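To keep things clear, I will list the structure first and then write my remarks on it.
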Amino acid sequence: MLKSLQYSMSDLMKALVGASLSIAILLYLTQLSHQLWIMAPFGASCVLLYAAAQSPLAQPKNVIIGHMVSAAIGLAFAHYIPINIATIAFAVGLAIVSMQLLGCVHPPAGANPLLILLSASSVHYNWGFLIFPVLTGAVILVVIAQLMHVLQQRFEKYGEKNASPSL
């Protein structure tokens, strides 16, 4: 049986504000610069960063390197291998094994080869995709999550310090 997760009001607020702010910033940067800063798997990354922050799968190295490795595999397949059902499936499997071998498993990153290969017929992906949106977006997600964690700790300490004594 699955253990029920318990979240404090502080955890819930951090998730709401942190995930919303992260996605809004990436969307705003995309709109402002006309450069892609966001991709769909980042929504799933936010789930881990805010709802399972202590998980090894949500650690900064896993988020950043996991996205980079799996996107690089998707790009390599898009550029050098004919795209079909077998190669798309193999690219996802190879991304997972690569993340395992490198010690940077991040489940949302497993969607990167799918994102790239399923849309490669209508979108031309160059190697710059690894920088924008993959690296820059992943780094921004991690930085905002870390800042939100620090802010949450400070607010909780402030609340404890200023709480009225129990009778």
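Here the Cβ of each residue, glycine as well, is placed from N, Cα and C on the backbone.
What TrEMBL says about a protein is an automatic prediction, not a curated fact.
According to TrEMBL, the domain 'HPP transmembrane region' annotation covers 7-153.
Same-chain residues lying 6+ beyond the ends of the transmembrane segment (12-29) with a Cβ under 8 Å from its Cβ atoms: 35, 37-38, 42-43, 46-47, 49-51, 133, 137, 140-141, 144-145, 148-149, 151-152. Per TrEMBL, the feature transmembrane segment maps to 12-29 (among others).
The annotation transmembrane segment is assigned in TrEMBL to 36-57 (among others).
Feature annotation from TrEMBL assigns transmembrane segment to 63-81 (among others). Same-chain residues lying 6 or more positions outside the transmembrane segment (63-81) and placing a CB less than 8 Å from one of its CB atoms are 41, 45, 48-49, 87-88, 91, 94-95, 98-99, 102, 104-106, 108-117, 120, 125, 127, 129-130, 134-135, 137-139, 141-142.
Counting same-chain residues at least six beyond the ends of the transmembrane segment (88-109), those with a Cβ under 8 angstroms from any Cβ of the stretch are 41-45, 47-48, 56-58, 61-63, 65-67, 69-71, 73-74, 77, 117-118. The transmembrane segment feature in TrEMBL is assigned to 88-109 (among others).
Marked as transmembrane segment by TrEMBL: 129-151 (among others).
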